[in-house]
Amino acid sequence: MAFTAQQQLRAAELRQLLNRAAHAYYVLDAPEFEDAVYDRLYRELLDLEQQHPDLLSADSPTQRVGGPPAEGFSSVEHRIGMLSLDNAFNAEELQAWDARLGRQLEDNPERQREYVCELKIDGNALALSYADGVLVRAATRGDGSRGEEITANVRTIQAVPLRLQLKQPPAWVEVRGEAFIPDDTFEAINAERQQRGEALFANPRNACAGTLRQLDPKAVAARRLDFFAYTVHLPADEMGPKSQWDALQWLETAGFRVNPHRERTSGADGVVAFYDRWEEQRHQLPYATDGVVVKLDALERQQLAGFTQKAPRWAIALKYAAEEAPSRLLRLVAQVGRTGVVTPVAEFEAVPLAGTSVSRATLHNADRLEELDLHSGDTIVVRKAGEIIPEVLRVLPELRPEGAEQLELPSHCPECGSLLVRESGEAATRCVNSSCPAILRGALRHWVSRQAMDVDGLGGKLIEQLVDRGLVRSIADLYRLDAALLASLERMGEQSASNLIEALAASRQRPWHRLLYALGIHHIGSVNAKTLAAAFPSWEALQSASEEALNELYGIGPEISQSMQQWCSTEANQSLMAELAALELPLASDDSSAESAGAIGALTGQTLVLTGTLPNLSRLEAQALIEAAGGKVTGSVSKKTNYVVAGSEAGSKLQKAEKLGVAVIDEAELKALLS
């Protein structure tokens, strides 16, 4: 049945009224309507939508209650990477970061940098995408590059606006923030679970993460999650905030709940004063916090400071002091990693810390083990560094039992029996047997991981079976497995085996840069692997690359280039690459692949250097555009450089370009080249 114009107008009016009322209640804490009035208006809209389904819209408050259960979550790529933050754990580390940032910005030593301090909410990061003001996608952080699409679940969070409260919303905008569960809600959830005989959540963060991954949005709605927004990303051509402080005000204007406990301050001392105040008062808040997030205020200076591979240089998390607890040491275990490093791990009687039960902690290396002077049966003090990673802080020797033996790392590998080696000047003790089962298991786990070759269905337990039974002795052996053999293994059947064979076959189509990362070469992360693959589009090209050529690449220094050359020159690694080539794995870039690290385009064969701050593009965005057009971005200017792209406050690279006669262009000229 068609709806009338009057019904259409009434539905729009009801949506506007109800969304405004929800914002006033959940965000401003200033209710506009009595509950009975809200319920009557809500019922009227619901009846209209049920009678005329075509009136239903994505921003309707009736969509918050959740639709039918989902079959699963799809993986989505973040338009802008969701990086993590570096941490500081005391005032000295914060001051060192502030000084380092000043040097990177080439500030006068006396200059006090302007910072915005915000409470670090202990929840789960979300990215919310709005098209023409309407929420169209919500995703988890995931690995920073890709997350899970959980839009239906996030629509149930009342503090998340389904439509932005802006008269002229941008065509696209992404808002980031933290979903969390308030303390009283968390206690109520656990009380209900206890009554039903279900396992209790360890802490609100875990409860929030588990809730967001519920397949039934109605179950999510029942948990009453909350949300604070803290970042906005607008298109480059959109006039937006010029500072983090203004960005927070923009978010409030757009209808988001922003944490009120924030402060703009000058210098590290102001940051420390804010931190000290909230470390003392944090338990008075109705939700969990685990520190203070500090951001350089001016967005232009943020761009100038730039990013490392994992985190922005212009922001840091100053974490609260960790909780401590005494425990009794039970045993020392030597754990062998995928690179052969043997790590001492302390196992002790379980103690509650920061909302979870802790019974193991890494001791990192033999030096730390010797420094602690651990003996069997010792009483130790355990804490969680950053309230995440358990560590043994100290030993209480006065409580040591009589006759206790000093604990040391074994002289031989606990996995293969080979003599362990510790090179002069190195902290790490290693097993150097390339056939060690522990090294192989670690290498296989890394190879099949999502950011690497992404082989679905090949988990840790199955890898253990394959290695322990001698069915897989190298990465290459994975591609020699057959379905009949796999089906005979524990917890495997014909269908699971068939699915795994298909997943392995699909992994042969991964681009060259993914394979390069999957090899697990020391210092070669996913970002460096892309850089290397773009510059050297095949194994042969990379193998023959000189150290000088490697060092010219943006983000590649001597440590990385030496590690790469050492790996390439090792006979066992050369044999592995020959096997992978014979098995038709991607040892070269495929320009037809959407994920190809390189591309043929307007800048193919051209070398560019970026310097200064561009008016619209961040350095990472500019680099991505250049590489997508087939160009190469390096970190230094030479006679081989084709263009230097200069923004405001360009430094010595601009001077060197002028001296060498290298063409200097601005952002507009770069875009013209790209087109």
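Each Cβ is built from the backbone N, Cα and C atoms, and glycine gets one as well.
The shown structure was predicted, so the numbers you read here are calculated from the model rather than taken from an experiment.
Per Swiss-Prot, the feature NAD(+) binding site maps to ASP35, ALA36, VAL37, TYR38, ASP39, SER84, LEU85, GLU118, ARG141, GLU178, LYS295, LYS319. The active site, N6-AMP-lysine intermediate annotation in Swiss-Prot covers LYS120. Residues or ranges marked as Zn(2+) binding site in Swiss-Prot: CYS413, CYS416, CYS431, CYS436. The annotation domain 'BRCT' is assigned in Swiss-Prot to 598-675 on the grounds of sequence analysis.
Across the range of the domain 'BRCT' (598-675), the DSSP-based residue counts are 27 helix, 17 strand, 34 coil. Calculated from their C-alpha atoms, the gap between CYS436 (Zn(2+) binding site) and LEU85 (NAD(+) binding site) amounts to 35 Å.
Fewest Cβ neighbours within 10 Å among the binding-site residues LEU85, CYS413, CYS416: that distinction goes to CYS416. In sequence order, VAL336, GLY340, PRO414, GLU415, GLY417, SER418, LEU420, ASN433, PRO437, ALA438, ILE439 are the residues of the same chain, not among CYS413, CYS416, CYS431, CYS436, whose CB sits within 8 A of the CB centroid for the Zn(2+) site. The secondary structure of CYS431 (Zn(2+) binding site), as reduced to three states from DSSP, is coil rather than helix or strand. In the three-state DSSP scheme, LYS120 (active site, N6-AMP-lysine intermediate) is classed as strand. Sequence-distant contacts (6 or more apart, same chain, Cβ under 8 Å) of CYS431 (Zn(2+) binding site) comprise VAL336, GLY340, VAL342, CYS413, GLU415, CYS416, SER418, LEU420, VAL421, ALA438, ILE439. Taking the C-alpha positions, the distance from the residue listed as 'active site, N6-AMP-lysine intermediate' to LYS295 (NAD(+) binding site) comes to 12 Å. Among the listed recorded positions, namely LYS120, ARG141, the Cβ with the most fellow Cβ atoms inside 10 Å is that of LYS120. For LYS295 (NAD(+) binding site), the same-chain residues 6+ apart in sequence whose C-beta sits under 8 angstroms from its C-beta are TYR115, VAL116, GLU118, GLN244, GLN302, TRP314, ALA315. Along the domain 'BRCT' (598-675), the predicted structure has mean pLDDT 81.
In this view, CYS436 (Zn(2+) binding site) is surrounded by 21 other Cβ atoms within 10 Å of its Cβ, with every protein chain counted.
Under the three-state DSSP scheme, LEU85 (NAD(+) binding site) falls in the coil class.
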